[in-house]
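What TrEMBL annotates here:
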type: BINDING; residues: 164, 165, 166, 167, 168, 169, 170, 171; note: ATP binding site
type: COILED; residues: 1153-1264; note: coiled coil
type: COILED; residues: 1333-1463; note: coiled coil
type: COMPBIAS; residues: 983-996; note: compositional bias 'Basic and acidic residues'
type: COMPBIAS; residues: 1108-1126; note: compositional bias 'Polar residues'
type: DOMAIN; residues: 9-61; note: domain 'Myosin N-terminal SH3-like'
type: DOMAIN; residues: 70-767; note: domain 'Myosin motor'
type: DOMAIN; residues: 1526-1803; note: domain 'Dilute'
type: REGION; residues: 646-668; note: region 'Actin-binding'
type: REGION; residues: 973-996; note: region 'Disordered'
type: REGION; residues: 1099-1126; note: region 'Disordered'
């Protein structure tokens, strides 16, 4: 459609250029006519503008997209594809919706928010895992998932190319992509390679990132990380290549910039002890780290980052010594930079002598010391240079600038070599020996850069971006071509920008790089000469220009912009010259690492070009180029190296499938969510996004599937065309009718392709159609309403008129008749009336005159009287009204006061009652009560003491006063007796002073009396007021009590309900934690089984192989009763106590918690003791090795002792079992003649004697076996080493082999010889005497070894006592310190502290005593239990004896009595032989199929197993019970492992396991489980064994099976949920389809149609419900299963809703509400509505309602806040941001409305997590459900093949 035609419409919106905002929106105010030179526009600020246009030169404004397309996820979905549309779409998404990611075709545009967003958690990773790229909102995880999926599906290597300006977020995006791969493709082995891949990031950021003016953490190098995967697509290794490290930053930084982070991190950690030798101080003290000014970054802790760097080094396997060496080299660079170079006096030569300050001298010494080189040589060659000619060698002194350049070059070279070494070792740590099947590469490389001064680094960076842009353009072009060819659309060549000429300008023959290398070879080449050669060679190139005002600069026209490069420094940076003499000194370093850094690499690895069949086996060559040996050889320049590495990178990228991420920096001030259009457009042009848009716009950017197009635009289809069933034909006819130009669209095989702008045109036609239809509907409805209203009014009017006219006519006729009669009557009446009136008037005239005159007089008098009385009445009335008004106001005030005081009293009473009921109040009341009592007691004592002191002082003062008075009296009498002239002035003064004091005392007394009287009056008045107020309060109290009595019951009930809910919540949390532990245990067990299976399958080379340390514990995972350690038993008792008394009571019982804490401390102390003993044992072993074979006899002693103990243990167990069987057989024999109780005691005594004798024999055998083995060892070691061997050789038969039995006989013979003192000659036969002699010597050695062992034990005991002494000393020191601190406190604090100490001591003692009591009680319970067993055995034995006696009496009868066998009934027990146990488990568990028991009793295997257990209990065979239960549990686990994806099998064994658990509870004999048993069922209880521990094992197994069942069900439902709940149209025609760009192209979509409807979910849940009900699963468990499944449906649906913009619409809300109602109906139909499943769907229900509510006014915001209580604030805001109108009649949610919602929801304490945890599992509860069946009524079908079971 012609743009002029589009502009002809009024109110068309366009984009016009703007110098500030780049583009501004405007609207046409006047129709455009052909030939107009300008457009009349109105801007958004209502400004009128006349915009000039030129139609001939296509200078027309860009058209603006419809509002419905603004904010799209994919820029290619826009109808008008141009720069202002792209910029506006990004701005709207970034500022209004806070979406930082947007698709642009195959490119992901990422805008740096400069703020941490909660969109990168594990839940988000799992949400994007397995999803198609266009299904979810744009995200870096979506790109990573697309790469991972294509790698797995296409088996082709992938690459993710991340580029952008510095500060745009490239490194963070690459880091998140690697985190996604590490999470999704975690390694299957225990190598944790994914952690190592992530650990490389802190190291590379430390050594390769720095602060710049644009970014605080800018990567100053490019890197390409290859993450390798195996055939199962698990990470097995990684490799890293780096490009163009900015070495110049090591020696120079601009203002407000920093050097690399590692320098500042090392300076921050200089205070650590291990870094003292580095001689580092603050970063401001070094020249290389202080040039930029501020050395710190706001919000960054260098010391903390350095610790992370060290941890990463350690994780990657870098040794601590290598780390110290690395830090030494980095520190040496800092010291080298601080060395000052100054000229000597003559000015001709220079020396590297530092300034007179000691600090500079220390810098040079530290540099040489840290690198391990000679100080004199380095100092000399830093200032001199060697020149080698053909004839001789010169040593030349360099100038000052040359020395500084050489020093800086050396520093840069050292850092570059260290950087390469670290990268190489990281690659070694990430390398794997396994075969790599494929890889995904992540390229984090610098974007296009242009500064005010651009140098060699910017030139290389822009050259790399030119190459990447070329590859990007070709890939986009290739994808477009593939799409067109796939859809069978005629392919026309699209003209796109080709930057090959610019690349040729740089890298072609005699290009810029070639001329630069050539100039570097010239001996006296300069930058000016090189620039002049560029001018001469490339002045004619269209991509090269010469600046007007400079002869040393040149301009290259890149694809993004013109860049002017300054040629100064190009040659020096390209040469990268480092003098060989300095390198040789470093090669001779005494530190190996320093020397290795500078040794040449003789054998560089050649690069291999990948062929067609080696796409997954690309060999990557390191980017580091080796140094040459001699200066004579050609040294590759930096430009050559960079070009080579760049070509290798392009080869790698071309061999992979690329994915592009373009990072955009929104502003230069680093402000969060601030958008600068100028900077954004500049970067969009530079990164190729607009080029992608241009390529897309040149072809067919808008693509629609036929089905989506038909659903969207079927309103434009005519009625007769809808009769056709072929949607393609309908779409063809519609488009041919609507769009006349056939070039504007193309019909593909599955899609329709449109030119740019055609979708907007179709949207306009659709909107016009809707608008016309709306107007027609409105017109018709309004006309019909008015017509109905008119007809109704007309009928009413006619009816009213008819009745009114009849009434008026009748009234008129009556009026006329009455008028005529009235005239006649009036005539006669008037005549009579006139005559009578005249006579009456005549008579009355006189009387009236008389009375009238009197009346006027009386009236005047009465008026005066009334006025007087009225005055009096008014006075009293007004007084009364004023009084009444005053009384009313006073009564109202009193009522208001009473009401307000009553309200306050009620509130205070309610608060006091709530507080009084709470446990916190009781705690606060009780807190410090003892301390307060002690303090009060102490205060009373102090007051008593003070009172005593004051009373004593008062008595002393009184006595002193009386004495003084008496003395004064005596003096006064004396002076009175003496003559008056003898009185001295002193006496008068004293008298005067006494008088003044007396007067002052009187005045003070008077003041005190006045104050006392005044206070007394005030107190009396206050008492009166209080009494009055008390009376009022009593009245109010009575009233309030009457009101509170009615409310107290309700409040108590509410509080109890709240407390119950809180307790239930805590119980659920505890149960959930426990079941999570069970789940982790089952996962570890499954993992161990998998590893064991793999180890058994994989054939490895023979050698030493280590068994897993947890094999023994996992093979017998069900043998819990075997644990018998007392300490562990105590802990288990504590846990069991928690389970028995309940979690609510256990939470308040602190003794259990303190006991566990104490147990943990004891275990920690025991671990430390064992560690100390281990260290001592190692020291002793080393000493033993040095001493030799002094204690060699102890080794065979220990070996044989262990073997003998093991064999003896087995024999004793066998003997014990045999004795038990013998006792049981003896007790059951009825005709035995030896049945007395003495036989039992006799057997016990015999067993005890045999045991003692066995111990003695065992010791003797051990001694002799040790002697024999030692003798054999010495004989084999050599016959000439010891003198006793020669002595033995003198005996004739000593060389013969001696058997063990012969040795034992010889030893007994020696003993008999010593006792009987027989002849020596007799003993010497056959060498017996020599053998005995040797045995005695061995016995002596053994005794010596034992003596040494005892001495060692004594020494250990001494050490232990010393440790205890040290501990006591430390405790005493602590107490002394505490005592000293206590003395510094106040007396009250001292008392309080002492009481606290005493309470803690008493508490610990109480706990110890309590623990001791519990242990004693436990032992008592065990002994009582054993006593009961023994008593029962004794009773059985006595009963058997009595039966035997009665039998003997019967045999004494004379006549013979025949005994007939009575047939017994089935007792509900099944007997089997021990050898049939495996067959039982195989037929009943392993090989059993649920279909075999379709018509049998549910849970039949559980009943059969219990009957077998009951028979073993009846026979008192604990081994049989233990073996049967263990085999059953292991068999069930094996079956579940084999059928880990079979829902029916898992449900079958869950029901059977639960039933077996219920049977063990029901028939355990516990009264709590027997309340519903019948008398017959009580007979089937267990008699001898308590299987409580096995019940716990079965409960854990049930939890594991339940979790597996949920996992299987979720795996079957999860693929259906999103399609059925969100995408499928349950209500046909409700939802429309929006344009989506070409994100959903074929490469992103899997083959096949995976759409599901809601009926599929319901059918699947019906199948689940049928299976569980048929197999007899408990109804309570079924309810919990469906509650979990509905939660999963809710979580998956809501998470997808929160991550998908295309489904957040009004129609989706309607679909969701319909689907949820269908699920609720299904629950009610299956009687599952009580499961709580609907409550788990509450967040989804509220989200659906939120999509349908109005979102405009303040009232709407309040309604949303009150409604969405189950959604978090973050989720509500996210849905509002994602809300998308499906047509132009809907309005978007404004930013102001979202801010209002956020302001109202600020008080909520919602979690920060955006998504729901779809893997969360509610804790399962297995309620006790007894069976009504009896064991004797169960029939075993023949299909089970259990004929070997015998019914008892």
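Each residue, glycine too, has its Cβ placed from N, Cα and C.
Features as recorded by TrEMBL, highlighted on the structure.
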residue: 164; record: ATP binding site; contacts (Cβ under 8 Å, 6+ apart): 110, 170, 447, 662, 663, 664, 665, 683, 687
residue: 165; record: ATP binding site; contacts (Cβ under 8 Å, 6+ apart): 214, 447, 448, 449, 663, 665, 683, 686
residue: 166; record: ATP binding site; contacts (Cβ under 8 Å, 6+ apart): 212, 214, 215, 218, 219, 446, 447, 449, 665
residue: 167; record: ATP binding site; contacts (Cβ under 8 Å, 6+ apart): 112, 212, 214, 215, 218, 665, 670
residue: 168; record: ATP binding site; contacts (Cβ under 8 Å, 6+ apart): 110, 112, 447, 663, 664, 665, 683
residue: 169; record: ATP binding site; contacts (Cβ under 8 Å, 6+ apart): 110, 112, 663, 665
residue: 171; record: ATP binding site; contacts (Cβ under 8 Å, 6+ apart): 205, 209, 217, 219, 444
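Residues 90, 94, 104, 106-114, 140, 143, 146-147, 150, 154, 156-170, 173, 177, 214, 224, 241, 243, 441, 443, 447, 463-464, 467, 471-472, 475, 607, 609-610, 615, 618, 620-621, 623, 674-676, 679-680, 683-684, 687-689 of the same chain lie 6 or more positions beyond the ends of the region 'Actin-binding' (646-668) yet place their CB under 8 Å from a CB of it. Each residue of the domain 'Myosin N-terminal SH3-like' (9-61) gets a DSSP state, and the totals for helix, strand and coil are 0 helix, 26 strand, 27 coil.
Around the Cβ of residue 170 (ATP binding site), the number of neighbouring Cβ atoms within 10 Å comes to 27.
Taken through DSSP, the region 'Actin-binding' (646-668) splits into 9 helix, 8 strand, 6 coil. Taking the mean position of the Cβ atoms of 164, 165, 166, 167, 168, 169, 170, 171 as the ATP site, the remaining same-chain residues with a Cβ inside 8 Å of that point are 112, 215, 218, 219, 447, 663, 665.
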